[in-house]
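Visitor: According to TrEMBL, the transmembrane segment annotation covers 12-30, 36-58, 70-86, 92-114, 126-146, 152-173.
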Amino acid sequence: MNQSLFKRTKASIIILGVALTLLGMGFFIAPAASALFLVYVCGWAFIFAGIGTIVGYFRHDPADRGAANIVLAVVEIVLGIFIMVWPGWSMMYLVILLGCVIFMTGVWDIFDAFSIRHIEGSRWGLWLVLGILTVFCGILTFITPFSMAEAIMLVGGICLIFDGVTEICLGIAL
């Protein structure tokens with residue numbers, strides 16, 4: 001592997017780990033504000049995605065334009081507005097998404113642990129344990145009642161901290 005690419009990859013993994021750890025700390029320190037913030041970020045993201053879809057529609061040759069793009073743009077904008085107007089309902093759906101992300105991150109961490117187990121001194125067992133804990137946190141997020149958004153953000157924060165530490169360990173070990 002190219003040494004320059006290897007160093008950039010290592011640095012990227014460590015930076016990702018630090019970012020995940022900081023995000024997890026934010027979720028843990030201010031769970032209610034973090035949950036509301038995520039709801040509004042998702043709402044604005046859908047609105048901007050809808051606007052981007054409309055812009056993309058008009059930038060293409062008229063012969064290549066399809067009605068599906070306009071329908072998609074309308075759905076994205078309406079969904080974004082729905083999220084902004086009804087953040088409580090939207091938060092329930094974000095909880096499901098958060099649980100999926102946490103669970104899948106843990107699964108990937110477990111795969112990473114097994115893929116580096118042949119590297120001497122890699123401490124792959126630590127990554128495996130952290131991956132299993134992350135999967136557990138994802139499952140816990142699924143079964144937590146939707147009315148407990150703050151608890152979910154706390155669990156999500158803990159999981160992100162675990163995942164961030166896992167990524168930092170992986171980056172340092174490379």
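Along the chain as shown, the residues are counted starting at 1.
The backbone N, Cα and C atoms fix where each Cβ goes, glycine too.
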Visitor: Could you check if the transmembrane segment (152-173) is in contact with the transmembrane segment (36-58), meaning 3+ Cβ pairs under 8 Å among residue pairs at least 6 apart in sequence?
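Guide: With fewer than 3 qualifying Cβ pairs, these stretches do not touch.
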Visitor: By a Cβ-Cβ criterion of under 8 Å, what residues six or more beyond either terminus of the transmembrane segment (126-146) are in contact with it?
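Guide: Sequence-distant neighbours of the transmembrane segment (126-146): 91-92, 95-96, 98-114, 116, 152, 155-156, 158-159, 162-163, 165-166, 169-170.
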Visitor: Which stretch from 12-30, 70-86, 92-114 shares the most C-beta pairs under 8 Å with the transmembrane segment (36-58)?
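Guide: Answer, by Cβ pair count: 70-86.
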